[in-house]
Every structure is written in structure tokens, then in C-alpha cells.
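J.: I have a structure I would like to understand better, so I am pasting it below and will then ask my questions one at a time.
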Amino acid sequence: MKGGDEEVATPAGPPQPLDWKFSQVFGERIAGEEIQEVDIISAIEFDKTGDHLATGDRGGRVVLFERTDAKDHGLSRRDLERTDYPISRHPEFRYKTEFQSHEPEFDYLKSLEIEEKINKIRWCQTANSALFLLSTNDKTIKFWKVQEKKIKKISKIIADPSKAVGNGNVASSSNSNSPKPFPTNGVSPDRSCNHLGNDISFPPGGLPSLCLPVVTSQETNLVARCRRVYGHAHDYHINSISNNSDGETFISADDLRINLWNLEISNQSFNIVDLKPANMEDLTEVITSAEFHPAHCNMLAYSSSKGSIRLIDLRQSALCDSHAKLFEESEAPGSRSFFTEIIASISDIKFAKDGRYILSRDYMTLKLWDINMDSGPVATFQVHEYLRPKLCDLYENDSIFDKFECCLSGDGLRVATGSYSNLFRVFGCAPESTEATTLEATKNPMRRQVQTPSRPSRSLNSITRVVRQAETLGVDANGNSLDFTTKLLHLAWHPTENLIACVAANSLYMYYA
Amino acid sequence: MSMIEEPLYPIAVLIDELKNEDIQLRLNSIRRLSTIARALGEERTRKELIPFLSENNDDDDEVLLAMAEELGVFIPYVGGVEYANVLLPPLETLCTVEETCVRDKAVESLCRIGAQMREQDLVEYFIPLVKRLAAGEWFTARVSSCGLFHIAYPSAPEALKTELRAIYSQLCQDDMPMVRRSAATNLGKFAATVEAPHLKVDIMSMFDDLTQDDQDSVRLLAVEGCAALGKLLEPQDCVAHILPVIVNFSQDKSWRVRYMVANQLYELCEAVGPEPTRSELVPAYVRLLRDNEAEVRIAAAGKVTKFCRILNPELAIQHILPCVKELSTDSSQHVRSALASVIMGMAPVLGKDATIEQLLPIFLSLLKDEFPDVRLNIISKLDQVNQVIGIDLLSQSLLPAIVELAEDRHWRVRLAIIEYIPLLASQLGVGFFDDKLGALCMQWLKDKVYSIRDAAANNVKRLAEEFGPDWAMQHIVPQVLDMINNPHYLYRMTILHAISLLAPVMGSDITCSKLLPVVINASKDRVPNIKFNVAKVLQSLIPIVDQSVVEKTIRPCLVELSEDPDVDVRFFATRALESCNQVMMS
């Protein structure tokens, strides 16, 4: 629907590497500011149109952003094209609203604390300009409706015997079908003076003295209401939720099971995958991520800690323990080490928009799989190969278990994922593309220069430093300055445009190309 | 008007509360919308109240739901059928909201109103409304429109009918699966109003589209339409058009589709007639009974009796019975359970000889099933077999099954079998009961689980009802009363409860001579809980026994309890005394 794509697609050969520019930041930290744990963003998701963006944080809040530019040229695109604006056409967002989605809880039966941290957010089908989304913490999924509501200001009207004649006014004004039926009938101010006390003495006047309350205000505000709570279905921590293309069901996955829900029914779900062995000592792998196919309602994929992706067909059986397809990379002989299994664990999978490809992220690489080819990935991208010698350190400080997310561009030509030191990488995955860009989630390049003075300065103000791989990776690789505490785990690609939203601790950065 | 007697103020409040902050108050006002309308009068309801409600479309879903429901019965309040059209605008708005239950209710109310509207009004107001919704920008409106065509269509002029059919066909191919699902759900209803020639052409092509939809969820609903459509078509058309589809569906890749077929198949048999049933549907059904997916077998097994009723007995014995035998030893307990819940109904269909020869072994094996639900399901339908072959052949196996269930370690199982004891008693007769089951009924009164003791007390009452006071006097009452000396106060409490239930059944004489002394005795119990329960029981006995007994026996006992050191005992005793006084006054 939006024609932004043609700009970037070059007519022949692999597409040119994109030139990424800083667009926006929300919740930017000032130097030395301490990050509050609850403010750290833990989930991010664009809706299907790309007009909205949602983030969830460890404090259980969900924040919504809406696109500001789209609405303008959505209304009068032709005018805009004619006037030939020189100003940026890239998407810009503004804060829309926020609400408290989850609260910390305590499971008394199991003596377990349940964190309020939002693990995943998924947008549902919009209807009537009301936005719908699912949010989940470790245990409970909630279905939210965010909608504009009129603020009610009511002129009090209660039957008044003396005003029996005056009702004609109300009748005539409300009769007209104009959008503002009640505002200025001149009666309401009088009526608002009538107090309850007037009426306690039952008037003999009778029925014509009754009239309806008048709403005067036309102001609206956004209200988020929790419509349904899907709880008590997961013994382990929920790691994924995903909507089905049929618009009526979704799945939720924890470490060992995947459940299927109907959006309308919150007290019942169906278990479709169960990896739990009779004896927990026989457990060899856990589910790390699960997603529905974007178009085929019967197909879903889930990844495991052993580095495999299974595609299952819901049509085959009610309990889909046997997979339809298995995607696994056979390990190169002789390369096995203590860490092999740990770093093979897949932290995130995403279907490409067309449903043909699946992108997976393990600790060291991004892999792109063709669902028609289960012998191995069609492409593998090394995300931070320079860390390989440091796996021991990363294991010591548990960083090796960090769960990085990945994303694909709407056109399926590029993929992106995060790394440490607030870096993220974008790779071209079109055939013969060699695009491999490293970016840092910041808008102020000077801040990092203190730590790594050898880096060339590019002080384009308010533009993020775009670092080409060749220039700087070496620097990162040999410096001890690598900061394992600042990791960029969550990021999302706009569904139709080249815009990446990514999360550095409590800040949300957006870059466009 | 009848309203004049009603005080005005409450109505004024009711009206104001239509816009109150508190949702409960708004709901309350909406629920009494008819009162408001009567107070305003018909004309002002039309000119003020209805437009006011139309504006109120951003309220909470609960309020909108109530509004949608109320408007469905609002025709009398706007001045009768000739003004029914004023109710359409608010309901049209409600047809577009996001919440499914509100839309469904609005559609239901629109159908109700449309069914009463005059033909020219339907053409002038209702049909344009359907068209607007069908062309709605949001899928919610289009979903709702599908459920209105069957009301709009019959009164439309010929040209408009063609248009409506075209619109419906469009809805069957909508981008949104929700709309296609709604179109599939409502196709049967719409088809019932369409003339035969169009049925065969237009409707069947829509049906074909839906049966080939990519989305499982749409095809599922198309299956449901099969039976409805089949009944509308001539048998030969049904055989030509519907039968191949259903046979195809019965082999669909998706188990959910096959599951739906298994649920629906028997309905279609009637539509296609006996010959195609034998040649096509029986084999399809047999395939479903042997499906790989347990869920499909569950659905198929649950329809075995209904299916057999349609077939002649030979066909059932020849084709279905072998499958039933297999299912009785199915690996899935849920399949066996589904089978057990219906298999008893096959006895009347197959007749006495076939039942004894073929079904009885299956009953017996299911009665020994390891899964209690299976056994329970068999026992719960005992009466159906009893009519055909009598109970004697079964009773040998029945007793061990009942005893085992009665002692099952899951209390829910014990609870379930208690529920069936009165049924069993009536089927098995007094003799059998006295010998075998009486002891069990007493044993349940001493169960560790409260729900079981509670159900057991109720059971004792129902048995007394079934076999009469004389029998109860002999076989129940002494045993029950014996247990009042149980050392554990909770069991003594159960007996008190049982006494209060038995008393009305046993009548005044037995109550006074047998039950009341035991209760009075219990008022000396050392446990306060027993004492205040005595007070409660005594209160319940007041209406049963003679006035003189109340004064002579019950009242003194209550007076004593009302001076008990325990506050709860005093409370209940005082309450009971109050009802004593009331009875005396009246």
C-alpha cells in the first residue's frame, strides 16, 4: 500500500547497501543516568500496516507509538507528490499511549514469584479504528483493546415539573441526525441547575417532564481495556506468542509445550506440542521460539535449544508431536567443543513475509532457511565472529545464554539482528549481495569515542554513526572495551519501509534508509 | 397510559443513569430501557431515546450487549410495526463494533425486528442496511451482514434479489477469513430463502468456493452447511452436488475437517436417501471410525447410535458393528468413553437377539475398562438396555463395576456413581438393591470427602422417595441413625444433614417418633458445630411436625441452645426460635 520500496530496489544486480540514518530516539539516556531495571524494554513489535509500534518493558508496561507522517500522505498523497516535498519521507513516530499490562504476582501454590516483565507483544487484527494486541509475561497472556473514547460531560437533567413545556426543544434538536445532536439547544444550562432535591417530592406534572441526559463534550481520550486474560495454561515460562492468519486463533509456547487458543475463549486452550518426557531426566531440548506461518493457517514453526527448527502441520493430527519437516545443520566434523551445543541454541525465529523463508538466530549466526529445502540453510551470516575466542568468558558471565532476536525487511531482501555494545548488524540476503553493515544504537557518536579513541570520528550531528564493517570491526575485535552488559536484544523491521526500531536498555532508537 | 401510577422520580434517576460513570448503573438503566420508553411515550421514544442510543456507541461492551438485546424487543415501545424502522440505525451501528458477542446479538435483534417488519419497509429500510453493512469498510460490518440476508431476501423485488445474491457471493470471497467464515455459517439459512433455480446455480457455486477455501476454519464451516443445503435440494441434486463434496471432506487432509464430517454425516444420510447412503456414506463413515486421529474417532464413535438408527439393522450389523468392536478396545480412553456414552442406545436399534449376541460382550468389556469414565458412561445409560434385554444378563458384571467405582480413589468418580444410584435402584429393583448396594450407600455417608458425604445424604433421600417411607423405615433410617454416635463430629454432622433431608419424605409420624429424638439428643453434643446444626435442623423440622410437638419438644431444646456459651449456637438457636414464633402466630 505504501510505495516506499521502489526507492531502494535497484533495477539489476544485488541491491545497493543501504545508507542508514538516525531517525528518532525515545527515552534517551543522559550521560551518567542510571537505568531503572523496570524501564528496560523487553519486547518490540510493529503492527501489520507499520502505522503503529508497541514496546513492552520489564515493569509490565506497554507503550504504543503511532506513525505521524503516514496519516498526512495517506489523506492527500497526490497533493504531496505534486508539491514535491524535499523533506524526509521516512516514517516518523510519536508517543500514542501507554498502559500497565502486567503486575508482579505471586503463585502461592508453587511459591513462585511471577515477574511482570513483558516477554512478547503481538498485534491483532484492527477493527473500527480500535487497536488490539496480545501481551504476555512468563505465565499470563492478555488481550488488549485500545480505543478512543468520548469524555463524557453530562449536563444533569432530571424531571422538572416546571419545565414541562421546554421539552420541545430537546426533542427537535435530537431529532436532527447531525453528528452533534445535543450541544446547543439552550435548554441544558437551565436543566443542569435542577438538583436531585427538586425531584424527591414527586411532581404531579407527569411524564413529559422527563428528558434524556445531554452529553456536551466532544473530546476523546485513549483508553486501553483488558478484554481477556488467558492464564493457567503454562507450567513453564512463555517465550512466544503468535497470531494465526485465520484471525481467530493464536499460539503460546513455553519451554516444553505449545498451546493453541481461540482469541474469543480464554478459559480453554489446546495443547498441540508437548516435549515433556515422562522422566524429566530424559529431557534433551526445550522450545525457544514459535511462530505461525504468515499465510498458511495450518503451519507453524518452532525452534529448539538444540539448534533445530521444526515445521508442523496442524492438519495432520491434534497433537503435533511429530513434525512435518525438520531443519537442522549438520555440524562440521572435528569442530565440536564444549560450547558447540550452547551456541547452537536458537534464540528467535521469524517467517519472511511471503512465508517461504525462515530466519533463525543462534548465538553466533543468523541463518536463512528455505522451507522447501531441509538439508541446510540457504545463507549463514556471522554476527560477531570475533567473539569466538571469548566464548569461555561469555560462558563465565552467562552472556552466552543471551537471547538475541532477529528480523527481516518487508521485501525480504535484508535481515538484521543485535549484538553487544549496543551494536546491530544488517545483512543483505539477496543472491550475490555482500551487504553487511554494523550500526550502533546511539545518536551521539562522541560518547563511545571516549572509550575507543582510535575510532575515526564522524560527527554528523544527530545522525548515528554508520560503521562499515571493514573499517571498524577490527577495533571492536581487539579492544577489551566490548561491553557485554550493553546488549541489543530486541529489534524490529518496519513491515513496508526500511526502518529499524531497536532497543538499547530503556531507549528506543529508530533508523531509516 | 399505565405509567402514571408509577412514581416519576425513580424513572428520572433511571434515565440519568444511562450516562452514569458507574457501569453497573448504566447496565441497570439499559436493562430497564422498556420502562424508560414507556415513561417517555412512543413518540418521544422514537424521536429522542432511539437517536440518543444511536449516539451511545462507544460505551463498554457489556452495556452495548445489553442494548442490542433490549432493542430486539422494542417494537411495541416505538409505536408498533409501522415504526419498526426507527430501531434499525442503532442496531446497524452495533453490528459494526469490535466485540463479537455484541455484533451477534445485534444481528439477532435485527433479524427479530426484520421478521416483523412490513414488506415495503423491508425494501425501503432493511435491505439498504444489509447492503451498507456488506460494503462496510471494516470486516466487522461485513461479518454481521451475512447473518441478515435470509431476512432481507424474501421480500426483495427480482432485481434486488439478483443483487443480493451477487453481494453474498462477494462475501464468500472476501479477503478476510472472518467474513468468509460468517458467510459459510449463514449460507444454509440464506439458501433456505432462495428459489430453487438459483439455489442450484448461485448458491451451489458459492458453496463450491467455500469448500475449496485455503483456510481450514472456513472449510470446517462449509461442512456444517452440507447437511443444511442437502435438505433443501432435491435428492438427486443432493447426490450429484453435495455427496461428492462430503465424501471428499471425509478424506480431507485436515483432521478438523474430518472431525466435522464425523459429527455431521448422519444428518446427510436422510437428505440423500437410502441407496447413496449405503454405497457412499457408510464406507465414508467406516473410514472415519477407523481414522488415524483419535479426535476424529471420538466424534465418529459419539454418533454411532444416531447413524445406526438411520440405517437398517442388517447394514448396521454388517458394517458398523465390526468397527464398534474395534473401538471398544481403542487405544484412546476418550474414544472408548465416547463409545460407552452412546453404545447402550444401539440395543433398541439392533433388537434383542443381536444385542445379546453382539453388543453384550462389548458392554461387558467396557464395564471392565480401566478408565472409570468409560464404566460410568455405560452405567448411566443402563435403562436403555434394560428395555431390550432386561437387566439380568448384565447384573453379574454390573455389581463388581459399581463396587469398584464406589471405591475409586478419585472422589469425582465416586461422586458420579452416587448420582446414578437412584437410577440403578429403579432399574435393578428393590431386591438387588437390598442385597448389594445398601451397604455402599451407608459407606458413602462416612466418606473422607465432604462432597461425597453431601451427595450421599441426598442419595439417601432420593432412595426414600424411590422406594417409599416403609421401605426406608426398614432399610435406611435405622442404619443412618446408628451413625449419629460416630466419634468424629463431621460424620455426625452429615447424619444431621441427612435427617433434615429425610424428614419431609418420611412424613410427620416417623419424624416425630424416630428422627426428632435423635436430633434432640444431639443438642447435648460437646461440639458447638453440631449444636448449631441441631438448631438449623430443628428449624427445618418446624413446618413438618405438629404444632404441639414444636411447643413440647423443639422449643424447649432451642431455648436451651439459645443460652449456650457459644455465640454461633446462640445465633442459630435464636433464629430458629423466631421461626417457631412466626409459625405460632400464623
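Including glycine, each Cβ sits where the backbone N, Cα and C put it.
These came from TrEMBL, pasted as-is:
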{"type": "REPEAT", "residues": "B:10-48", "note": "repeat 'HEAT'"}
{"type": "REPEAT", "residues": "B:164-200", "note": "repeat 'HEAT'"}
{"type": "REPEAT", "residues": "B:203-241", "note": "repeat 'HEAT'"}
{"type": "REPEAT", "residues": "B:242-280", "note": "repeat 'HEAT'"}
{"type": "REPEAT", "residues": "B:281-319", "note": "repeat 'HEAT'"}
{"type": "REPEAT", "residues": "B:320-358", "note": "repeat 'HEAT'"}
{"type": "REPEAT", "residues": "B:359-397", "note": "repeat 'HEAT'"}
{"type": "REPEAT", "residues": "B:398-436", "note": "repeat 'HEAT'"}
{"type": "REPEAT", "residues": "B:476-514", "note": "repeat 'HEAT'"}
{"type": "REPEAT", "residues": "B:515-553", "note": "repeat 'HEAT'"}
{"type": "REPEAT", "residues": "B:554-586", "note": "repeat 'HEAT'"}
J.: Do you know the mean pLDDT across the repeat 'HEAT' (B:476-514)?
T.: 91
J.: Quick test of the contact rule: Cβ under 8 Å, at least six residues beyond the ends. What residues does that give for the repeat 'HEAT' (B:242-280)?
T.: 207-208, 211, 216, 219-220, 223-224, 226-227, 229-231, 233, 235, 287-288, 291, 293, 295-296, 299-300, 302-303, 306-307, 309-312, 315
J.: When you scan the chain for residues with a C-beta under 8 Å from the repeat 'HEAT' (B:359-397), skipping those not six or more beyond its ends, what do you find?
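T.: Non-local partners: 324-325, 328-329, 333, 336-337, 339-348, 350-352, 404-405, 408, 410, 413, 416-417, 420, 423-424, 427-428, 432.
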J.: With a Cβ cut-off under 8 Å, give me the same-chain residues at least six positions beyond the ends of the repeat 'HEAT' (B:554-586) that come close to it.
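T.: Residues 516, 520, 523, 528-529, 531-536, 538-539, 541-543, 545, 547 contact the repeat 'HEAT' (B:554-586) from elsewhere in the chain.
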